[in-house]
Amino acid sequence: KVGLVSGICMIVGTIIGSGIFVSPKSVLANVEAVGPCLTIWAACGVLATLGALCFAELGTMITKSGGEYPYLMEAFGPIPAFLFSWTSLLVTKPSSFAIICLSFAEYASAPFYPGCDPPQVVIKCLAAAAIVVITIVNSLSVKLGSYLQNFLTAAKMIIVTIIILSGIVLLAKGKTENFKDSFKNSKISISSISLAFYNGLWAYDGWNQLNYITEELKNPYRNLPLSIIIGIPLVTVCYVLINISYFTVMTSTELLQSQAVAVTFGDRVLYPASWIVPLFVVFSTLGSANGTCFTAGRLVYVAGREGHMLKILSYISVKRLTPAPAIIFYGAIAIIYIIPGDIDTLINYFSFAVWIFYGLTVLALIVMRFTRKEFRRPIRIPIIIPVIVTLVSILLVLAPIISAPELAYLYCILFILSGLIVYVLFVHLKFSWPQKISKPITMHLQMLLEVVPEEEVTQ
């Protein structure tokens, strides 16, 4: 049911969310000058486009929903695929949902606490409320989720347009002093660049989201690459222009001291209508959270269908045809992440885990060029593109560990590997006692949620 315009809206809507309002400070903090900061924003866009083109070849070669899962399954077998679904279900997807909703809560509560930071309790309660509402909407209807996405995408494009046009007007008036000697005093090292990339790429995260719903796209061979080629460069141009707009009214030091960059920009440029900025940023983050929820529910559902997760997670609502159990499960885990989480730690933890699997997935594309020559490839990209993306992802994963080792990275690797124990016990050996426990639970949940296996819906 998803056409080209909805596909582009899905990409633009999911990528432009909380990131462009949270990350500019962190990117600048790592490189400490305007020139390298803008260069990194553009480079992140190029990397996201190359990565998405690799995913377009994979998505049209293996037309199954579930993102990286079916590609890893085909190239490397069930164990890496299981580890991916294990990590995605319990770390990357829910933490991403949690980060976006925490950003929403910070911007939503800021106007009520002028001059000081909102209390953590308020932020966390608001974020939890946002997760509950989005989970309910996406459980009730695919169409409702899609309409909400299109509305929120329109709203966020309004705030992006306001910031960009204000910046262009200020540039035309000669506000260019912050761009003079823009590479002076910059701090350039492999570790600072890779950490700046982490924060920049967080703002672009979502470039692969369309692959999660390949089965729902109309004419995917045409619409998937077109959505990518139009959607991501559009986002890159917006991001670079937004950052230029920020620097027309703030020096590097002022930007680093700002609590919420977009709000500071609004106060200086749009006063007395500066309330517009936090309001539209709230819409923007909600749209991003909605897009993430819409696509992540599909991943849980595919893993359940393959027998790698609880069977109930792959069931579909009889009346509404949505993967309701998967979406509810995902929302519940995200709420757990909100309780201890602060945004910066969650972003580093998330980026580290997610780039391990992005790298593996693009490597799968290279491997399948040799092991699966018989597969039809409606979109075939030059082999140099996946090679570049694989090398960059190796660099992104290793650089922070070598330059600034932290225990969080070790915990992350141990958690990913702990999936092996779960795989051996429950998927490979198929112990019978979990079946005895889960059968009555599945039955009661089926009656409560009115869900059945997919086959029964399609018959």
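Cβ from N, Cα, C; glycine included.
Over in TrEMBL, the protein carries these features:
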TRANSMEM  7-28  transmembrane segment
TRANSMEM  40-59  transmembrane segment
TRANSMEM  121-142  transmembrane segment
TRANSMEM  154-172  transmembrane segment
TRANSMEM  226-249  transmembrane segment
TRANSMEM  275-301  transmembrane segment
TRANSMEM  321-340  transmembrane segment
TRANSMEM  346-367  transmembrane segment
TRANSMEM  379-402  transmembrane segment
TRANSMEM  408-429  transmembrane segment
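Most Cβ pairs under 8 Å to the transmembrane segment (321-340), among the stretches 7-28, 275-301, 346-367, belong to 275-301. Contacts between the transmembrane segment (226-249) and the transmembrane segment (40-59): present, as 3 or more C-beta pairs lie under 8 angstroms, all at sequence separation of six or more.
The transmembrane segment (154-172) is in contact with the transmembrane segment (7-28), judged by 3+ CB-CB distances under 8 Å for residue pairs 6 or more apart in sequence. Per-stretch counts of Cβ pairs under 8 Å to the transmembrane segment (40-59) identify 379-402 as the leading one among 7-28, 121-142, 379-402.
The stretch from 7-28, 121-142, 346-367, 379-402 with the most CB pairs below 8 A to the transmembrane segment (408-429) is 346-367. Sequence-distant contacts of the transmembrane segment (121-142), counting only residues of its own chain at least 6 positions beyond either end whose CB sits under 8 Å from a CB of the stretch, comprise 1, 97-98, 101-102, 104-106, 108-109, 148, 216, 286, 289-290, 293-294, 297, 317, 320-322, 324, 327-328, 330-331, 334-335, 338-339.
Residues of the same chain lying 6 or more positions beyond the ends of the transmembrane segment (346-367) and with a Cβ under 8 Å from any Cβ of it are 26, 51, 54-55, 57-58, 68, 71-72, 74-76, 80, 84, 87-88, 91-92, 95-96, 98-99, 102, 198-199, 201-202, 205, 208, 337, 383, 386-387, 389-390, 393-394, 396-397, 400, 406, 408-409, 412, 416.
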